[in-house]
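Undergrad: Sending over a structure as structure tokens; questions will come in a sec.
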Amino acid sequence: MSGSNVVLCILDGWGNGSGGRYDAIHAAYTPFWDTAVSCCPMSSLSASGTDVGLPSGQVGNSEVGHISIGCGRIVLQDLLRINLEINEVHKNPKLLDFVRDIQAKGGVCHMIGLLSDGGVHSLQAHMETIIEVITGFGIKVFIHVILDGRDVPPRSAEKYIGMLNAKIEHLNAEIATVAGRYYAMDRDNRLDRTCKAYDAIAYATGPRSGSAMEALEKSYNSGVTDEFMVPTVIGDYDGMGAEDGVLFTNFRNDRVLQLLGMLLHRFPEVSNVLGMRQYSEKMRIASLFPPREIHRSLGEVISERGLKQLRIAETEKFAHVTFFFNGGREEPFTGEDRIIIPSPDVSTYDLKPEMSAVEITDSLVERINSQQYALTVVNYANADMVGHTGNMEAAKKAVTTVDSCLQRVFYAAVNAGAVMLITADHGNAEKMFDVQNDSPFTAHTSSMVPFVVCNADGDISLSDGRLCDVAPTVLDLMNIPQPSDMTGCSLITRNS
């Protein structure tokens, strides 16, 4: 029996909410979604904690979600892996090489990383452990703090800076620059933002304050929250030297690449660069925790069958449907086509909650109509990226936009005889306000996410499961045997 072509729609940040007043998905106008969940087979998937390879209770994120969906197994994520290994980092050969190089040249260490306990891109405890180790070798550490305010509350930096100051009080370390992640962790080629952070770190240019707390107070007094703090030089810091070493403490790669790339390109004299992980196959820097290869992902299985597949997303989420979905592989598989639609050029996405969803759908529908792809994977970024702004009305518009796009995809799938699957990578827009703290909620959630099958052959029902069960379910619909590497399970029951 030949299987069906499948269109897999991943709705970023679209969790199962409570239906309360701050649930943007429930509050938005979503006629297609309402019909789909009432008429099509539907179940719920766990997208956080140990079910996606994270520590218990840790919220999911886009990287982890796409890895789990695309690989069909629970992959031990960097956060949990580093948690297990960080106390032995003083023995890590790459760290020892890094230290020896600095000692031989008489330089200092520049440590760059996101300062929070959000656990999405970094963990402050990792940074603090490494600072203690490096200063223990007699090396001065300049810390280039990136403020979060996105995976944690928007005005929480005082807590994290206070914790860091307490940690380094008796160590040969100091905060050299402070910048919001809006500048230091852009991933949408807004190089003007990246350049402001780079100039502060490399050349000590930009606004200057006497201390990190003073800089934060000035920012708050100007109405600017953590994420958007303008890169600021602290104290007497005067920039990098060729004899120095640079260590990035973020373990997730997508929001490191622009700043790292700028450093490698514009300051090639600094050759001693170390990362928590291998951020890119093209940027060959040493890593404390090298990647572990993942074989027989969904994309690889489709390719091995000689079938064509398509990945499509806008800039903000393109890496997720390609690199992460393929288990950390940068190059496309044979037969894998990729389409990237530019994200809109706005400072924050609540200014354009539609983002590029309509343009994605225009291109996607054309490809579905061609019937050349056995598997099509699309990401709609709206609920997540607009959810991160904390703007409820904008989030509702974002959700409504995605709903209208899903309707177009559904009609195209039906006309092409394809099965349409709808799921999400993690929650976000279903919780837009934190009642306890009386402030907008901008972070991810630990909500379950939906899993809906539209236009399937025959009478089927779905079991609840985990994100890692999506790939086996796709293979089941395509009538392709599931490889033993995939430990997830098809969620389909065929009712005869």
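Here the Cβ of each residue, glycine as well, is placed from N, Cα and C on the backbone.
Sharing the features that Swiss-Prot gives for it:
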- ASP12, SER62, ASP425, HIS426: Mn(2+) 2 binding site (BINDING)
- SER62: active site, phosphoserine intermediate (ACT_SITE)
- HIS121, ARG150, ASP151, ARG181, ARG187, ARG252, ASN253, ASP254, ARG255, LYS317: substrate binding site (BINDING)
- ASP384, HIS388, HIS444: Mn(2+) 1 binding site (BINDING)
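Could you place the listed features in the three-dimensional structure?
TA: ASP12 (Mn(2+) 2 binding site) is surrounded by 26 other CB atoms, counting those within 10 A of its CB over all protein chains shown.
Residue environment of SER62 (Mn(2+) 2 binding site) contains 27 other Cβ atoms, counted within 10 Å of its Cβ in all protein chains.
Annotation for HIS121 (substrate binding site): spatial neighbours LEU114, ASP151, MET185, ASN250, PHE251, ARG252, ARG255, criterion Cβ-Cβ under 8 Å with sequence separation of six or more.
Look at HIS444 (Mn(2+) 1 binding site): DSSP puts it in coil.
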Undergrad: Reported as an integer number of Å, what is the Cα distance between ARG187 (substrate binding site) and ASP12 (Mn(2+) 2 binding site)?
TA: 16
Undergrad: Which of ASP384, ASP425 (the binding-site residues) has the most other Cβ atoms within 10 Å?
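TA: It comes out as ASP425.
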Undergrad: CA-CA, which of the binding-site residues ASN253, ASP384, HIS444 lies nearest ASP12 (Mn(2+) 2 binding site)?
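TA: Nearest candidate: ASP384.
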Undergrad: Quick one: give me the count of other CB atoms within 10 A of the CB of ARG187 (substrate binding site).
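TA: Cβ-Cβ neighbours of ARG187 (substrate binding site) within 10 Å number 19.
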Undergrad: Report the residues of the chain - excluding ASP384, HIS388, HIS444 - with C-beta within 8 Å of the mean position of the site's C-beta atoms, for the recorded Mn(2+) 1 site, in sequence order.
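TA: These residues sit around the Mn(2+) 1 site: ASP12, GLY13, ASN61, SER62, ARG150, ALA383, MET385, GLY387, HIS426, ASN428, ALA429, THR442, ALA443.
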Undergrad: So which other residues, same chain and not among ASP12, SER62, ASP425, HIS426, have a Cβ within 8 Å of the centroid of the Cβ atoms at the Mn(2+) 2 site?
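TA: For the Mn(2+) 2 site the neighbour list reads ILE10, GLY13, ALA47, GLY60, ASN61, GLY65, HIS66, HIS320, ASP384, ALA424, ASN428, HIS444.
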